[in-house]
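Q: The structure is given below, and queries will be raised subsequently.
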């Protein structure tokens, strides 16, 4: 988990935050302007009410003039109705404009995150990003709603002071003095609130990161007793959030109380000054009542204005955190070249590292159009990293990756991902129906016939038909109601629906039984007969289907994958020999680095040449790990992972894999997802 420390930030970030807030206002500028005008009319109507009350008292009630009293009573009622209409219309426009702005802001933030490679996006924790896209955006929305109020509040303050000045200059001076104290109070408390708001937002982000870890990893660690430590850490983070929230509330409460106390104190002083004038007859009772009413308005207005200023302080800090994300860019931003129709995938001297550790390479590899190539290798050997490079979810630190002879960094990223489809080891599903997940991101979703066709190819149609509502069944958050194997097959169907020219499969078949796996492989080739397929797998069925197997060495030296395409991968009959494509050296030496064909005699001890392409069924040398992770016997052949030896028993220590198993052969976690093995899912 990466902790993002957020404070007031450098000036560049602060300016970016203010630019972001100005952008928010420009998005719905016309609606906000109309709402501001309407609420200003409402404020002027409210400010005029004390004057009408004064006339009703002096000209009507005190003078005993019934006509004047009824007239001014009608004026007061009409003013109140006008104020209600303008306030209702202004608030409606304001709310709708704010909702549209927030939707645009969230879409902008989400679109930007989707454009980042995994390393750049990984600088922020997932929970922290969720907090920025929810809590921080909500703070911006609150501020947007308050901006409409600021102009009419300022106008209301000015109009009230002018009205009091016309009534009595001395009372006007008292009003000005009270407003000066309120202004100083707002400045002092505003700075204190901004600091505490930034600290609270950062605490929210850190706790959200931990909640994400607790929810996603809770089932995995529950069996080992690790949930206690996670819960203890969650309680500590929650206590920190509560403490910072109380600190923020304390400052806000003191601010609000101080802003309202000063005008109330001025009312008492004003009545004390005006009372002798009323007794002397130089000021009317209606005038004194109007003064007290205007001062009460000043109290309410100053309190509301302080709240709006505090909301702005919080919005600036929230916008700073949002701007930090929007300011991030991938390592290489060259885009725009049209994606070639077809072509080979080539990696030349590619190296990927993270925090001083090499994840992949140096690697030279060519995958020709139409190949079904399978990448094998040890855990954390860089297999998943290789696939992420091909869709620019990760960028190489050295070397270049090309498609059709064009560097991927020169291609438009969105267009590239439309032509190259990736089915990750841990696919992401959204809350919604099966159909929603299949058509995710498509501007023109196809009909149900097309959806059923890809589901049949992914060997999941029968299970979807068995659901209560078929394709319209809600799968829950993240596909929680589906097993791990079902989630992967649904993600495969989603990729097939887009008919990619290149399909990347990250251990997609590891969580299904062999008959289902065979149907999946047949369905893929039926729908994509000419597509290039690059799969990460150790499953025997996948290896048999492959036209070439690429063993990926650990990222310590150069790994050069051969370009020539091998046979089907089916082992030759016992005692037969398939003539090698590359002749052996004199004396029966092993062939040069390249393909070991089925039936070729293995080197002494059953070891294949380092870096050679190995076919399924080839003997495994002594000491090499088998599928289960245990060393294979000397000269032995590793059994297929899903094959139970005769007699229906498994070797000691090797559990019978259920329908959903992870790549290592261990049972899947209760939620159907395979636990990360040595970080392969993250950095592999």
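For all residues, glycine too, the Cβ spot is worked out from N, Cα and C.
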Q: According to TrEMBL, which listed range is transmembrane segment: 110-129, 170-189, 190-209?
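A: When 110-129, 170-189, 190-209 are checked in TrEMBL, transmembrane segment belongs to 170-189.
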Q: Tell me which range among 31-49, 50-68 TrEMBL lists as transmembrane segment.
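A: When 31-49, 50-68 are checked in TrEMBL, transmembrane segment belongs to 31-49.
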Q: What range among 220-239, 240-259, 260-279 does TrEMBL describe as transmembrane segment?
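A: The listed stretch tagged transmembrane segment in TrEMBL is 260-279.
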Q: Is the transmembrane segment (260-279) packed against any residues at least 6 beyond its ends, judged by a Cβ distance under 8 Å, and which are they?
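A: Result: 168, 170-171, 174-175, 177-178, 181-182, 185, 285, 287-288, 291-292, 295-296, 298-300, 302-303.
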Q: Between the stretches 31-49, 139-164, 170-189, which wins on the count of C-beta pairs under 8 angstroms to the transmembrane segment (69-86)?
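A: That would be 31-49.
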Q: Mean pLDDT across the domain 'ABC transporter' (345-579), rounded to an integer, is what?
A: 84
Q: How about long-range neighbours of the transmembrane segment (139-164): same chain, 6 or more residues beyond its ends, C-beta under 8 Å?
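A: Long-range Cβ neighbours of the transmembrane segment (139-164): 21, 24-25, 32, 35-36, 39-40, 42-44, 46-47, 50-51, 90, 94-95, 97-99, 101-102, 105, 171-172, 175-176, 179, 197, 201, 290-291, 294-295, 297-298, 301-302, 304-305, 307-308, 311-312, 314-315, 317-319, 322.
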